[in-house]
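Asker: According to Swiss-Prot, the protein carries these features:
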DOMAIN    74-262  domain 'BPL/LPL catalytic'
BINDING   Arg113, Gly114, Gly115, Glu116, Tyr117, Thr118, Tyr119, His120, Ala193, Ile194, Gly195, Gly206, Ile207, Ala208  substrate binding site
SITE      Lys190  site 'Lowers pKa of active site Cys'
ACT_SITE  Cys224  active site, acyl-thioester intermediate
Amino acid sequence: MPTGKLRQKPPYAAIMTNSPVTPSTETQQPKRYARFLPQEADAPPVEWLITEGLTDYEEALAFMEARVQAIREGTASELVWLVEHPPLYTAGTSANAEDLLTPDRFPVFNTGRGGEYTYHGPGQRVAYVMLDLKRRREDVRAFVASLEQWIIETLAAFNIKGERREDRVGVWVVRPEKPRLADGSMCEDKIAAIGIRLRRWVSFHGIAINVEPDLSHYGGIVPCGISEHGVTSLVDLGLPVTMGDVDVALGKAFESVFGPRQTK
């Protein structure tokens, strides 16, 4: 992994929205937003779709665009779509060109999501989250905190303690077995990334959890613009889990945080 100093950025940098954001005095306390349930007791369940094999990234973008439009128009239900992609890099709206270290290594896609550079590839579970926040809460920071909570509860099913950081969106794992950083602080690795976009309060893009990707593929970028910390995966942490195991845990944790889902 590249080394260097952590480039400071504001919290929730992995957000891109063209929906109005109302400031809240509570947004400094993400734990208060552990649940992001529908406001209506009889709200329909969220559709839960798993696609086997590797999904072309451009096809995934086109699918999300169409689905978000349909959700806005009321002709389709909310959806969480679980996929894997072939190896590729994506650039968010805050991406710094200098953080793309080997531009010819894998295809690079510019996306409308918030955030910087990240990697997608086999062994990583990507969950595209298409929810209508008007049905829940028009609070972007609360939504991101709930996505973090979803990941944290998923990892807890495997006895992994995932942690959030106020200045770094995503979920982190403390690595006490690794050498401490130059400032004496404990080493931390990122195990899950978050990058979203909102269109009139309907979300798309989502989260990515490292199950068993080739971690060397991250060497072509500075992940999320953070060079001081590395990346890890469930298998890298010594857990012989499968993608199916993770999908089960994701489903249970989703219902805890966001409410009922329906598989097809």
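Using the three backbone atoms N, Cα and C, a Cβ is placed for every residue, glycine included.
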Asker: Express the distance between the Cα positions of Cys224 (active site, acyl-thioester intermediate) and Tyr117 (substrate binding site) as a whole number of Å.
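Answerer: With distance taken Cα to Cα, Tyr117 (substrate binding site) is 5 Å from Cys224 (active site, acyl-thioester intermediate).
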Asker: What is the interatomic distance between the Cα atoms of Lys190 (site 'Lowers pKa of active site Cys') and Arg113 (substrate binding site), given in whole Å?
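Answerer: Cα of Lys190 (site 'Lowers pKa of active site Cys') to Cα of Arg113 (substrate binding site) measures 19 Å after rounding.
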Asker: Take the Cβ of Gly115 (substrate binding site) and count every other Cβ within 10 Å, whichever protein chain it belongs to.
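Answerer: That number is 28.
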Asker: Averaged over the domain 'BPL/LPL catalytic' (74-262), what pLDDT does the predicted model reach?
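Answerer: When the pLDDT values over the domain 'BPL/LPL catalytic' (74-262) are averaged, the result is 93.
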